[in-house]
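As written in Swiss-Prot, here are the features:
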TRANSMEM  15-35  transmembrane segment
TRANSMEM  38-58  transmembrane segment
TRANSMEM  130-150  transmembrane segment
Amino acid sequence: MLLPSKKDLKTALDVFAVFQWSFSALLITTTVIAVNLYLVVFTPYWPVTVLILTWLAFDWKTPQRGGRRFTCVRHWRLWKHYSDYFPLKLLKTHDICPSRNYILVCHPHGLFAHGWFGHFATEASGFSKIFPGITPYILTLGAFFWMPFLREYVMSTGACSVSRSSIDFLLTHKGTGNMVIVVIGGLAECRYSLPGSSTLVLKNRSGFVRMALQHGVPLIPAYAFGETDLYDQHIFTPGGFVNRFQKWFQSMVHIYPCAFYGRGFTKNSWGLLPYSRPVTTIVGEPLPMPKIENPSQEIVAKYHTLYIDALRKLFDQHKTKFGISETQELEII
């Protein structure tokens, strides 16, 4: 009987690490609902479900109050396999002083923000060594915190809810050395997540600038080269039935339903896992922001423009290192 080689075993662990995170929301949600329905309908153990719901109500605001991270979870060896699968690489252009707080603004979102999760919700890329004295708080959809056990898993990585109250708390109640991480394009940017794309949803998104001004914290641009190369999408005929449905659905729930595909459990198979393609994230220079309690729209627009200029500069300085043409520019929509 032939045993798998060390290389084959490592490859299998890399694939499993990506699979378990990519589908954890679906698996945990399905399991929690099924088990609790069974307890309530078919057993006398319905009080267990009541206790779970009571805890959920009691703990409801924790994701908006700094979350509940577990350092040991962030250091799981599983995340190293997750990072090696692509692989992921995190680079900085400037040192970050831990005597201040920051808002790190990430681009592009991609379909599942794999790079951002690996870099900032785990220690697989060596965040604490690259940015000593800085505590990262990656912000994500509030829906991830609605389901018992899933919310615990997500919060254990240091993730918090992406809401105004959450950002206010992190920037005012946690001392200094905190980095609030927002992937500003959100799910609306998924429709532009195509290999080679450099299109960002940013033109009308200035709330993060207003928050930075109100707290007087620097904005840091970050760009993940390769994030949009992790999946392919089928593009439906513009104006056709499916395309109209996609746009209608996005207008209703702010999520663009994509017909995406990647690889399967083996390298050359078809499936819904991301392709094993490198993602390198460049963290730029902090952009200083004055503290203005109630900034006018003109002031917000001014610093929004300055931020976009800094992001373009970061992109242009590094794009050719990652196979992007010298003539290709960021498209801000």
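Backbone N, Cα and C atoms are what each Cβ position is placed from, and that goes for glycine too.
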Positions on the same chain near the transmembrane segment (15-35), where near means CB under 8 A and six or more residues out: 78-79, 81-82, 85, 112, 114, 117, 144, 147-150, 153, 265, 272-274
Distant-in-sequence neighbours of the transmembrane segment (130-150), which means Cβ under 8 A and at least six residues beyond its ends: 24-25, 28-29, 32, 52-53, 55-56, 63, 66-67, 90-92, 96, 98, 102, 104, 116-117, 120-121, 157-163, 166-167, 170, 174, 177-183
